[in-house]
């Protein structure tokens, strides 16, 4: 097996990635629907039994979430005497924190406590790739968990979660993610899929944990400073980790491997354009959400933010209310503004 390739810089990523895409486009003179249909027929390995199992698990996630909200999270919020608005949203964050902690922990196990070298050597995700190759059981379990959860999440975002300003983008994200997971499994690109999921789940863990501390800051009619401090720290670390995992490591580890390294290992790799297009869409959505942080921080630093009513955590219903009373606090600290305003939605 070749020695691990050093992680490239952004310049090398753009140069080699763009060059590979351009050469692939020039070489694909017969690209079109007919070739796509033929490629799918020859390379996709996804049985109806696997689809049915994933659908049943997605239904199971939905049932489990409803039961947990009614019997565990909801009663706990009432016992803590949360404010009504916070009590209504707390079960959603608690549920997501539970799942993403589980999934990210499993990703840590796969990437750092097994023999898979994908994190330290991303190009290795395509070494020895063969169509229809067996998917290792431990990776297949991760795919079943994630694929079924995102199937559930499409329904949950539309009918169970609090509707927010970015909920339409969130639905698009879930559709893109579900498509990536399902197709990467069918085409046996599961190695790179594990890396993609790991780099995204960490932010969701931080996000939901921070949101819970925001909700628990005022409970029982009493202000709890510890939750306030934790949420302040959580917002700042979440912002940094979002950039580091999704906008630094994701392009340099994943996009470089899929755009450039994939063609070096498998010159005629199937659905090259399709998968890279979806990964680029995912990157654009990560940038879109990151702009919320940049714009919000800029408004706070420039003194333009008098009240927090136009950031993604606030619900659509709240944004429609006409607010005449302005915040009378003399000094709005940057961490407090981030905590109250930005802590919204994750991946």
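Indices start at 1 and increase along the chain as displayed.
Glycine is no exception: its Cβ is also placed from the backbone N, Cα and C atoms.
In TrEMBL, the transmembrane segment annotation falls on 168-186 of the listed ranges 73-91, 168-186, 187-205. When the ranges 208-228, 229-249 are checked against TrEMBL, the one recorded as transmembrane segment is 229-249. Check TrEMBL against the ranges 269-297, 298-326 and you find transmembrane segment recorded for 269-297.
In summary, the transmembrane segment (139-156) does not lie against the transmembrane segment (229-249): fewer than three C-beta pairs, each 6 or more positions apart in sequence, are under 8 Å. The transmembrane segment (45-64) makes no contact with the transmembrane segment (229-249): fewer than 3 of their CB pairs lie within 8 A, with pairs spaced 6 or more apart in sequence.
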